[in-house]
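Copied from Swiss-Prot, the annotated features are:
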BINDING   C270, C273, C305, E312  [4Fe-4S] cluster binding site
Amino acid sequence: MYNETPIKRRPSTRIYVGNVPIGDGAPIAVQSMTNTKTTDVEATVAQIRALEKVGADIVRVSVPTMDAAEAFKLIKQSVSVPLVADIHFDYRIALKVAEYGVDCLRINPGNIGNEERIRSVVECARDKNIPIRIGVNGGSLEKDLMDKYKEPTPEALLESAMRHVDILDRLNFDQFKVSVKASDVFLAVESYRLLAKQIRQPLHLGITEAGGARAGAVKSAVGLGMLLAEGIGDTLRISLAADPVEEIKVGFDILKSLRIRSRGINFIACPSCSRQEFDVISTVNELERRLEDVTTAMDVSIIGCVVNGPGEALVSHIGLTGGHRKSGYYDEGERQKERFDNDNLVDSLEAKIRAKASQMANRIQVKDTTE
């Protein structure tokens, strides 16, 4: 498949969230956030494990109270994925979760308090080698900035971010990343563009409060796609009013679409029409469901007829082209003698895809050990 990419990543410094490298050319990390009550340790741990299962690199957990901080201690002991503590209003909560091994602290400049409080958080983070995310949000800008700009603007978000970047600079603390999120695509995109020109720290991308599963995914894909295509962004979170697991899936789909980072199967499927020789939609849906556990990056084309089928199969790892009663099967662009019965496509394709994924994974492993 044609995969030449003109995308040149923005140069940035390197930090680590747990064992996950961020910035300086590291793979763009995909993260989500739990939506359980943090004090419900069992439910929160279960959700974090579900996120880890679908590929989450980092998980953020809201810690609104000291009781939640105590719960965070137990949660941290129960999972292996790096955790970010989301802190608002009370800086003392940040100090407490730092004692419990948090991997990153997210603080909101709009409500964390004065510079002295920030200094306390920074000194604690420095002592324990914990990075910080300065998380600016268009919905919670500082009052003086709202008075100055009257509404959230790219300049307002930038000023909020930079005043806190300056504080960290004065404190000689450089282990941080920054985000300037907004629910409006154009506001967020322009804010990130301005910020990218001002600093070299890693940038965490997101369209905040993007909406439900469908609309939020589209809005995030448009906004983040614009930034990623310009080389901006080192981590991302898709904010959906939906199961957090969907955020991880959409995040990887966006990166996969831009050929930035691939995980799992990239299904190339026609929308179907009266020429289809089998039910394309149900076939693809069932294969997606069955093959969610496959992490090997591969392209699979499933086309219902011979108009575009052979051409798509030519540039896929595995291809299927609809035919009368039996459909043609391709491996690495080569037409195979084997044909699949249209009434048993899903089982046949699942077996072939799993075998191919295993073969490709072994090939990568051998290559890595010989280099």
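The backbone N, Cα and C atoms fix where each Cβ goes, and this holds for glycine too.
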Minimum Cβ neighbour count within 10 Å among the binding-site residues C270, C273, C305, E312: which residue?
C273
From the centroid of the CB atoms of C270, C273, C305, E312, the recorded [4Fe-4S] cluster site, which same-chain residues not already listed sit within 8 A by their CB, in sequence order?
P271, S272, R275, Q276, V280, I303, G304, V307, N308, G309, G322
Structural state of E312 ([4Fe-4S] cluster binding site), classified by DSSP into three states:
helix
